[in-house]
Amino acid sequence: MANVVVVGTQWGDEGKGKIVDWLSERADIIVRYQGGHNAGHTLVVNGVNYKLSLLPSGLVRGKLSIIGNGVVVDPHHFVVELKKLRDQGVKIVPEILRIAENAPLILSLHRDLDAIRESGFSGLKIGTTKRGIGPAYEDKVGRRAIRVMDLAEANTLMAKIKRLLRHHNALRRGMGVAEIDSQALYDELMQVADEILPFMDCTWRLLDESYRMGKHVLFEGAQGALLDNDFGTYPYVTSSNTVAGQACTGSGMGPGAIHYVLGIAKAYTTRVGEGPFPTEQINDIGEFLGIRGHEFGVVTGRKRRCGWFDAVLVRQMVTICGVQGIALTKLDVLDGLDEIKVCVGYELDGKRIDYLPSSMGAQSRVKPIYETLEGWKQATAHALKWEDLPVQAIKYIRYIEELIGTQVALLSTSPEREDTILITDPFAN
């Protein structure tokens, strides 16, 4: 069996939560390796909905779950989400949940800064969740972050807070916002220290020991590769690296420990927030996909923008992430359409290209080139075998495989975990 990385190949919301939940039965350990509580997902287990945004999906199944060093942790949200799951009957104890001691913390001042920028102060509206993710990563890179381990060292914490506030209070003065008192921030952290410290661990050592014992690890990505800070639609991206390579740097496991990369893609495309979206359908088709697919954000409730499947973008992320197989989700949303379009290339300034350029200007000018396929009337919803699928749906899947350059390894035909068709087992490689 192998260690598997799960990564979104679009702009997030691809259905990673269900796929991770389905794969978790084959894994011993589930690891979150980037992002924060800005990207949520819903698990449906025995008819019960579990909404997660920070905690790893494996907790619902009682699996050892790790929040890696690549994640920014809001300690107050951690406490809230922990309580919510416990209230739903999920047993969460330190034996099955560990948090990297060197994971940076999201503080109230990060949320403040995020909200101020999104209000238009910065002159660029990205469409963030205003949860402080970006500012927390800025402090990490700026070498001034407060990390989980700092909560255990109260005697040195105040000095670190004062160093952090020298930066943030200067920003706040410039924006005309009241400065933060160091003692108030210290008290804020001490209020949650006892809640989070029992889960703290040197997680890279735990993972290394587990790997040497033959344990199988599932790396759970958040958001999607098209939101990657380097390879996404910059500047309309998130503040972390969301590509598969981040599984190593965000967990402390080396590249040699990764054996299979499973990309997740919807059978169409969605996006939340601002930024380019070549195949967006601002028409009846877009409305149909949004309503049928229940396309509203788990964290924010925002309506998602919807469009046709963009094979150019998915192929690009398949290449960058080293994807060996795709889990194709929400095929059932397309049931009943007379015809289905797939973007197979772009036109940019009169020339055909087969990739999305990096510049914002070029991204805004690309025009999608479509191929039109026949739709299907027979339902794919709740199909459990390949043989249950309509012929035209199979043709659609095969065409996508041809365009993106990799196989469909799993097929999801409803939000229920049981409605999954396994074609190639990622853990068997």
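Don't overthink the numbers, they just go from 1 along the chain as shown.
Yeah, the Cβs are placed from backbone N, Cα and C, and that goes for glycine too.
Here the Cβ of ASP13 (active site, proton acceptor) has 27 other Cβ atoms within 10 Å, regardless of which shown protein chain they belong to. In the three-state DSSP assignment, the secondary structure recorded for ASP13 (active site, proton acceptor) is coil. The active site, proton acceptor annotation in Swiss-Prot covers ASP13 and rests on sequence analysis.
The secondary structure of HIS41 (active site, proton donor), as reduced to three states from DSSP, is extended strand. What Swiss-Prot records for HIS41 is active site, proton donor.
Taking a C-beta cut-off of under 8 angstroms and a sequence separation of 6 or more, LYS18 (GTP binding site) has the following same-chain neighbours: HIS41, LEU43, VAL44, THR329, SER412, PRO415, ARG417, THR420. Taken from Swiss-Prot, the feature GTP binding site applies to 12-18, 40-42, ARG304, 330-332, 412-414.
Residues or ranges marked as Mg(2+) binding site by Swiss-Prot on the basis of sequence analysis: ASP13, GLY40.
Cβ neighbours of GLN223 (IMP binding site) (same chain, under 8 Å, six or more residues apart in sequence): GLY8, TRP11, GLY12, GLN34, GLY35, ASN38, ALA39, THR238, THR242. The IMP binding site annotation in Swiss-Prot covers ASP13, GLU14, GLY15, LYS16, ASN38, ALA39, GLY40, HIS41, THR129, ARG143, GLN223, THR238, ARG302.
Residues or ranges marked as substrate binding site by Swiss-Prot on the basis of sequence analysis: VAL298, VAL299, THR300, GLY301, ARG302, LYS303, ARG304. There are 7 other CB atoms within 10 A of the CB of GLY301 (substrate binding site), with all protein chains counted.
Put simply, the two farthest-apart Cα atoms among ASP13, GLU14, GLY15, LYS16, ASN38, ALA39, GLY40, HIS41, THR129, ARG143, GLN223, THR238, ARG302, the recorded binders of IMP, are 34 Å from each other. Taken residue by residue with DSSP, LYS303 (substrate binding site) is part of a strand. Taking the binding-site residues ASN38, THR42, THR129, THR413 in turn, the residue surrounded by the fewest other Cβ atoms inside 10 Å of its Cβ turns out to be THR42. GLY40 (Mg(2+) binding site) has a Cβ environment of 19 other Cβ atoms inside 10 Å.
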